[in-house]
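Below is one structure, written out as structure tokens; comments come after it.
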Amino acid sequence: MGMAQKSLTLGWVTAILLLQMAIADRPRWSLNGRPRVFADLSVYEIKIVQNFLMDKKELQLQPSETPTLGKNSVYLIEMLLPDKEDVLDFLDKGERSPVREARVVIFFGAQKHPKVTEFAVGPMPLPIYMREISPGPGHDPSWASRPISKAEYSLIYRTLTEATKSLHQFFLDTTDYSLKERVEDYLTFTYMAPDDTKSDQRCSWFMLQRYMESHFLQPTGLEILLDHGSTEVQHWKVKQLWYNGKLYNSPEELAQKYADGEVSILVLTESVDKDTKQPLVFSSSNIPEDFPTTNSMARPRVSEPHVSSYNVEDNTVFYRDWIFSFRLRPSSGLQILNVHFRGVRIAYEVSVQEAVAQFGGHVSAGTQAKYMDVGWGPGSATRQLAAGIDCPDTATFLEVIHHYDTDRPVSYPRALCLFEMPAEMPIRHHFNSNFREDFNSSAGTNGHMLVLRTISSVLHYDYIWDFVFYTNGAMKAKMQATGLVHATYYQPEEMRYISQSHTHVFSNIHTHLVHYRIDLDVAGTKNRFQTLQIIRKNITNSKNLRHQALGNTLKQANYTQEQQAAFYFGKPLPNYLIFSNLHTTHGMGHRSRYRLKTYSKIHQVPLPGWQKKQGVSWTRYPLAVTEYQDSEKCSSSIYSQNNPWDPPVVFEDFIQNNTNIEDKDLVAWATVGFHNMPRSEASTNMTTPENSVGFVLRPFNLPGF
């Protein structure tokens with residue numbers, strides 16, 4: 001390195017140190033009134049990272065939109081959360097602010113051996129280095145495990161169009177639509193994940209559908225298996241086709257047998273004329289201009305006082321006794337950070353880790369469909385929320401900025417909403433009477449709650465994600481599922497797996513599972529995990545020793561190792577899941593404790609067989625408690641969808657460490673879910689009331705415990 005380069009480097013290092021020292025001199029709790037350490041990357045920071053990477057000629061980067069896979073391109077840029085110890089030292093002890101870094105995912109497709117590599121780029125806002133990081137402990141993702149990019153989707157469509165030219169007449173005769181380009185009535189497809197059955201292959205089933213309103217409800221009965229593992233598109237090949245219950249080895253074979261009259265066809269007829277606008281079945285992400293809103297439809301409204309009881313400073317919320325930060329990660333979704341109630345931290349992080357939808361069926365695509373939402377970028381799948389529909393008119397709407405499978409920062413206006421509303425019922429109420437007319441009294445506490453909401457739309461499903469904060473110190477996480485069903489073409493064999501939506505379309509019975517990470521810091525990081533179980537036993541009457549009565553008693557259990565605190569599906573969880581700090585007390589002299597209560601409609605093994613896949617090993621446990629590790633920040637990754645067999649992140653490994661969890665920094669991992677069976681009254685669009693799962697954290701101060 002020359003003297004000029006050394007001087008320049010030393011100059012940057014000096015400037016950064018001076019900047020960090022200046023930051024450290026500010027108040028512990030905030031930087032310009034906010035804990036900047038949790039803030040997502042700004043447009044400016046994302047552009048700075050882009051320019052820094054593009055200036056590195058050795059990376060040979062090209063735009064992600066370039067229509068080839070044989071290129072090096074940036075797939076993801078997001079904020080990399082610093083190590084927890086560094087953050088707490090900064091927030092609680094006033095030490096130097098952690099270095100701010102960006103997480104960058106690069107697809108190196110131009111190499112002889114293509115690979116996916118992750119980097120930490122920093123320090124922000126003037127990066128001078130990039131260092132390689134791993135999404136899992138010592139395990140790098142395989143090239144085949146990468147998410148499908150927009151460029152790859154475009155190449156897949158071209159390949160399928162070219163490969164099925166011999167089926168043009170077949171398509172017209174059976175669907176009145178075509179895969180040819182520049183045709184008004186054309187076919188589209190849905191990618192059925194995961195790929196193939198091996199970690200080093202990239203063979204995917206694609207279900208063909210008519211492209212119209214709600215095309216997920218328009219299956220044609222044809223599915224195509226495409227090998228798209230090579231970076232050279234000319235080597236891609238259609239391996240099989242499935243049509244009306246039979247397999248064919250090539251499009252030409254199906255076309256020839258159809259011409260010879262050997263194919264039993266499914267002729268689709270239009271329910272309405274093509275010139276007639278199709279009935280609307282849509283999500284909040286695509287609302288037509290003429291759709292009735294609160295301005296044109298009379299309905300009850302939520303009102304707020306002239307002076308709001310909450311305040312938002314960048315990504316930090318102040319609400320009555322609550323203070324917390326939030327971010328919407330493009331790679332995994334909503335994350336609540338640094339949660340305080342009445343000045344005491346109760347959780348460092350509460351976040352969505354993964355959402356899985358598993359479909360069962362007889363057809364090829366039906367049996368393959370197991371969607372893992374992190375592989376689709378649920379945070380970047382958010383769309384604009386509608387006032388009066390998705391959130392109350394009075395809500396505060398918040399914008400987020402993402403860089404996910406794009407060449408520039410993308411703004412998502414109104415991606416989040418924040419609002420206060422009355423609780424479902426009073427928090428407290430009591431009526432007292434002496435059973436005579438001369439005396440009675442009544443007292444109650446009006447309940448209010450603050451809701452932070454976002455909606456992610458992954459393929460045909462919309463997931464409504466809520467974090468709710470109550471005035472009594474309770475916090476709730478809730479997911480509600482809605483959107484279109486997964487429709488397949490009717491086959492007699494499907495009656496075991498599906499329910500009929502229309503004369504030729506059936507909807508698969510399916511299972512939804514959600515995984516949450518709850519990093520509890522109950523008045524500090526030295527916590528214990530205990531359970532209380534209500535049991536029935538005979539209790540002797542002290543006044544009559546010969547008389548016994550059956551009563552409820554509490555059985556306490558203490559957990560000292562991770563494997564002890566891992567509960568399998570198939571056995572009920574204890575009644576009370578308690579996280580305690582035995583080293584602190586609150587004003588009444590009781591130990592600081594919080595209770596975790598999960599709300600799930602699945603109590604047996606939810607995904608038999610598939611649970612053996614390492615990428616979804618978290619689905620084995622309704623609850624697991626582990627010691628915090630910086631290498632265990634996520635239970636899934638963007639690579640698990642296309643490689644659940646050997647992914648870089650394996651949740652089972654977190655438990656197999658079997659470290660001690662007594663008076664340690666504890667993390668609870670909760671799995672909740674439900675089964676959905678489409679019914680005639682809501683056959684094509686799931687409704688939210690019966691499809692809600694989540695958990696509640698609430699103070700638990702039990703005298704004598």
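From the backbone N, Cα and C atoms, a Cβ is placed for every residue, glycine too.
Since this is a predicted model, take the numbers as computed values, not measurements.
Database features (TrEMBL):
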- 1-24: signal peptide (SIGNAL)
- 45-129: domain 'Copper amine oxidase N2-terminal' (DOMAIN)
- 146-246: domain 'Copper amine oxidase N3-terminal' (DOMAIN)
- Asp373: active site, proton acceptor (ACT_SITE)
- Tyr461: 2',4',5'-topaquinone (MOD_RES)
- [ ] Taking helix as H, G and I and strand as E and B in DSSP, count the residues of the domain 'Copper amine oxidase N2-terminal' (45-129) in helix, strand and coil.
- [x] 23 helix, 27 strand, 35 coil
Task: Arithmetic mean of per-residue pLDDT over the domain 'Copper amine oxidase N2-terminal' (45-129) - done: 96
Task: Where the residue listed as 'active site, proton acceptor' sits in the secondary structure, as DSSP reduces it to three classes - done: helix
